[in-house]
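Visitor: Okay, here's the structure, questions in a sec.
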Amino acid sequence: IEPFNFNRLQLPRNMIENSMFEEEPDVVDLAKEPCLHPLEPDEVEYEPRGSRLLVRGLGEHELDEDEEDYESSAKLLGMSFMNRSSGLRNSAAGYRPNSDGTCSAHSARTVGVCIFIIIVAVAIIMMIYLLPRCTFTKEGCHKKNQPMEPIQPIATNGKLFPWAQIRLPTAVAPVRYDLTLHPNLTSMTFRGSVTISLQALQATWNIVLHSTGHNISRVTFMTAVSSQEKEVDVLEYPLHEQIAIVAPETLLEGHNYTLKIEYSANISSSSYGFYGISYRDESNEKKYFAATQFEPLAARSAFPCFDEPAFKATFVIRIKRDEQYTALSNMPKKSSVVLEDGLVQDEFFESVKMSTYLVAFIVGEMKNLSQDVNGTLVSIYAVPEKIGQVHHALETTVKLLDFYQNYFEIQYPLKKLDLVAIPDFEAGAMENWGLLTFREETLLYDGNTSSVADRKLVTKIIAHELAHQWFGNLVTMQWWNDLWLNEGFATFMEYFSLEKIFGELSSYEDFLDARFKTMRKDALNSSHPISSSSVQSSEQIEEMFDSLSYFKGASLLLMLKTYLSEDIFQHAIILYLHNHSYTSTHSDDLWDSFNEVSDLDIYLALKLWYQGQFLRERGMELSVQMFMDKMFPFYYSSLWHIPLSYVTDGKNYSKHRSVSLLDKKSGVINLTEEVQWIKVNTDMTGYYIVHYADDNWEALIKQLKTNPYVLSDKDRANLINNIFELAGLGKVSLQRAFDLIDYLRNETYTAPISEALFQTELIYNLLDKLGHMDLASRLVNKVFKLLQSQIQQQTWTDEGTPSTRELRSVLLDFACTHSLENCSAAALKLFNDWMASNGTQSLPTDVMATVFKAGAKTEGGWSFLLSKYVSLGSEAEKNKILEALASSEDVRKLYWLMKKSLDGDLIRTQKLSFIIRTVARHFPGHLLAWDFVKENWSKLVQKFHLGSYTIQSIVAGSTHLFSTKAHLSEVQAFFENQSEATFQLRCVQEALEVIQLNMQWVEKNLKTLTYWL
């Protein structure tokens, strides 16, 4: 370990200052518009992610005063979904001649000349004025934020490139790839040769495909009727990562051709494409490993290809390797041949028809554990020293594979299914067909150090990636704008399958929590539809990989299943999979399958749900009013069809959980008996939030205090979520929200307690970061009084059901974080005993993270944890240690951690976003994390692609607790000074919006909270 001397470690001066106090900038201009940079000659602009319209929620008339107040209220959640955004408005002031500049009227000719000169001058001035906002192409003048391409791109050799668009032409399609690779893991380079069998779909001279980072040495072309290869030239256009081959003859429609490309390239040093890593084994010997991560746009960096999901083909892959390594690919190994130079060449069977982003290959030292499942060999691979941690993954995979095959009524089509734990892997996991890749922490399970949460994580991720073998691999979205067809379905099936075969894990609690958080994100103006036609550029594609594509997509499927019934839902998706196997689809193809098996026009009913976004200000707010005849009218926007479910306190509550479709501006529910309250959106299966009349809120609050278990734990958590989100909007008083959670003294379930702690922790964090320590402390004490009994009942063990164990983790972490009930002393004693045993003494896994955090507050404890982090082999235990290390109150330790992770040696770079988020959560580090991001931004965007999930996480994690004008101005100014593509990133706009919402919340609630607490 590198010597660690905190006295010698110097922080950048601005980080020291900003970590101690906040400085208001000299000038704060909140009204400043984002600067619009003119196009440079070699720049190309792309279409914006969404051109969104603001649609009236309750008709075409102007807003009334109440709606206007709603529009301007603190925007924390929304009741409707539609596609909105503010576009950039270019204003062009017209030229006005100076009144003093007159011409002498000597003659008509003279006047005519003067007028002509003035007109020419005006025209020149207007062209100069408008030119920065306009680029001329074959279609004419394109203004900013409109899709455009240069009239004729220039290749790297100075010749004209025959294609100007980002998307490939469809005149030629690949049928089969024959790929041979020889990676050198010492020099981190590789040589490759790819032979592509093509079919011309229309007559053309040009073959345009993707390639980036390749040194192409030779390209040959051959027709189907001639065996003679003709060497041809290649044109390269790096801006679009495209190459073009001008064929020696016209490619005729329906004819087949062969293209062979020989090349060399570097193995990537990032975690994208065909990349290499090094790690140290248990003997501290340095080992090398190479793997792939192609989704979404990186197959083109490993071999020239048609790198769009709709261009499906088959693949034959050969890999040359050193004898000590194992090579894996999508298909089973066909043969291994020892070559003259001592290398081994592995050839794999020809693949099924699939997209390029699903191609995968791995070279490294691995061991595996396998089991045959109805003719499919399931294998779990890991580096040799961790093979003992794969048993849980194998058992889980076998059960899930059997479940999916039965549920989808389609057999898994390959003869083998490999799951591989990779030592350094930026993504959580990847569904490559037949060769699933994972972070070690998401596949390996150590019974001695993995908690119940770790077990659930591994199970969920395996379920997600296996679901992709049908949704994504067998049937693939045609373009990345419909990514939700892959990820939304895989996320839905992940939770659905766990509920069916691993019910004891209570995965519904995680799905419920994910839906709450997704609706918060979807409520932002910077949100986006889960299906949009405006996805074109690489940044736009990367940004589709967010929680909306995953969890909003899954939430809409849950809502649909609940309304249609499980049987109809299953029938529809089986039909969808059968009708579109080995092809690519649009969202409408899915709705067509549902329409075939149900009476409902699914496209009409769900169009706005998946093409729109969660609208905070107005619309889908359901207000409940009770009338003497026991009728309940509901008002909502006519744009939305709402699957409306409800329960009441009536005798028939358990038998009549009604679900109906509200497809008019107002509807009436007839109840069969008089009731005290109604709870809408049963078990939160609908993707909407409900606001009740005052008397219904009071009745619900009274019911919770009297007997909360009349309502399900999902409904109780749903009420807590809804009332706190509405309180943030100003639609409900904050005091009423706290009145509702007064019942928590009698709550024993995980979901409601977790949601209450999440909502109150949001408030605590704002108060804490603003320096209102006394007020924050009073808030903690209030929450503690509600949960004191439950906290006192907890033991430092791993006893109980999985849900009970997770609740123990949550409660003890809350108590120790805020030094309540001698929690810290108990945790520190466990830590000291563990440290005294040199880490050999067993700790309860569910409270291990809490114990480590208590120990990390001491100088000796932090250093000991760091030494264990470097030497331990369990990723589950290392993650808990890393969280503890990043929770230190010493800013020099925190800065050192972030720097080491950015360097990627002692701490993997894949952990950097987690470290930054953890550092930013606590008062000592919340300014330091942002300063670190600013200072290292250029390195961050080199390591992680602009728009990638990691960049999204870093931006949000380092700014989401800011709530002052100074920070808003600083964050905005910083990103404005980056490239325009950076400033326009959705995560940047989201960060700015969250800061503004935090400011509004503080302005609205601080005085009331001060008085009330």
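The backbone N, Cα and C atoms fix where each Cβ goes, glycine too.
Automated prediction, rather than curation, is the source of TrEMBL annotations.
Copied straight from TrEMBL:
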ACT_SITE  Glu465  active site, proton acceptor
BINDING   His464, His468, Glu487  Zn(2+) binding site
DOMAIN    174-358  domain 'Aminopeptidase N-like N-terminal'
DOMAIN    393-603  domain 'Peptidase M1 membrane alanine aminopeptidase'
DOMAIN    677-996  domain 'ERAP1-like C-terminal'
SITE      Tyr550  site 'Transition state stabilizer'
TRANSMEM  111-131  transmembrane segment
Visitor: Taking the recorded Zn(2+) site as His464, His468, Glu487, identify the other residues of that chain whose CB atom sits within 8 Å of the mean position of the site's CB atoms, giving them in sequence order.
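Guide: Residues close to the Zn(2+) site, other than His464, His468, Glu487: Glu431, Glu465, Ala467, Phe471, Gly472, Asn486, Phe489, Ala490, Thr491, Met493, Glu494, Tyr550.
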Visitor: For Tyr550 (site 'Transition state stabilizer'), identify the closest of the recorded positions His464, Glu465, His468, Glu487, judging by Cα separation.
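Guide: Closest by Cα: Glu487.
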Visitor: Does anything in the same chain, at least 6 positions from His468 (Zn(2+) binding site), have a Cβ under 8 Å from its Cβ, and if so what?
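Guide: Set apart from His468 (Zn(2+) binding site) by at least 6 residues yet with Cβ under 8 Å, we have Glu431, Asn486, Ala490.
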Visitor: Please list residues from the chain of Glu487 (Zn(2+) binding site) whose Cβ is under 8 angstroms from its Cβ, counting only those at least six apart in sequence.
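Guide: Expected: Gly472, Phe545, Ser549, Tyr550, Gly553.
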Visitor: Starting from the Cβ of Glu465 (active site, proton acceptor), draw a 10 Å sphere and report how many other Cβ atoms land inside it.
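Guide: Total other Cβ atoms inside 10 Å, all chains included: 26.
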Visitor: To see if you understand the setup: which same-chain residues, six or more apart in sequence, place their Cβ under 8 Å from that of His464 (Zn(2+) binding site)?
Guide: Ala429, Ala490, Thr491, Met493, Glu494
